[in-house]
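*Asks:* This is the structure, below, for whatever I ask next.
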């Protein structure tokens, strides 16, 4: 008798897990975000930051709907554990050969989610540089000690029919980037 009851409880928990997983997948698949509150404390050279923010995981469908440019970027402040909003951005392109001067082709700034989705309408093959004005961002957020007043990311577009996403993971004393999707 105990084995049957235990088996029934286990089956009910399994069904509950399946229902929760299906609901989460439906939320993500329809563009709804799954969120939870994150509390984070960071310390940078004697200066403490306390952050409570909403961690959001948008679905690929929602991210595609927000993509309006063949070139996008996303800046995340890893010291605060949140998107870096209102980071001024400039986009440059070189001439046909490396070593030629940079020409500014666009500018913008990150939105409240740390994204900039409207840098270009069309993309051409060539070498590009994105300049992130990190000093402006740090100063607006009360961060007075930082090492990189700006970050330049230089990359080459070989196939202009592809989408190029250039994320920046940022903190006052370091940064990292990679080719995103």
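A Cβ is built for glycine as well, from the same backbone N, Cα and C atoms used for every other residue.
This is the feature table in TrEMBL:
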- 74, 115, 178: substrate binding site (BINDING)
- 66-180: domain 'Transthyretin/hydroxyisourate hydrolase' (DOMAIN)
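For the listed features, I'd like the structural context: burial, neighbours, distances.
*Replies:* The C-beta environment of residue 74 (substrate binding site), restricted to residues of the same chain at least 6 apart in sequence and closer than 8 Å, consists of 83, 110, 113, 114, 115, 116, 165, 167, 168, 180.
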*Asks:* Take the Cβ of residue 115 (substrate binding site) and count every other Cβ within 10 Å, whichever protein chain it belongs to.
*Replies:* 21
*Asks:* Averaged over the domain 'Transthyretin/hydroxyisourate hydrolase' (66-180), what pLDDT does the prediction give?
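*Replies:* Summing pLDDT over the domain 'Transthyretin/hydroxyisourate hydrolase' (66-180) and dividing by its length gives 93.
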*Asks:* Please give me the CB contact count at 10 A for residue 178 (substrate binding site), counting all chains in the structure.
*Replies:* 11
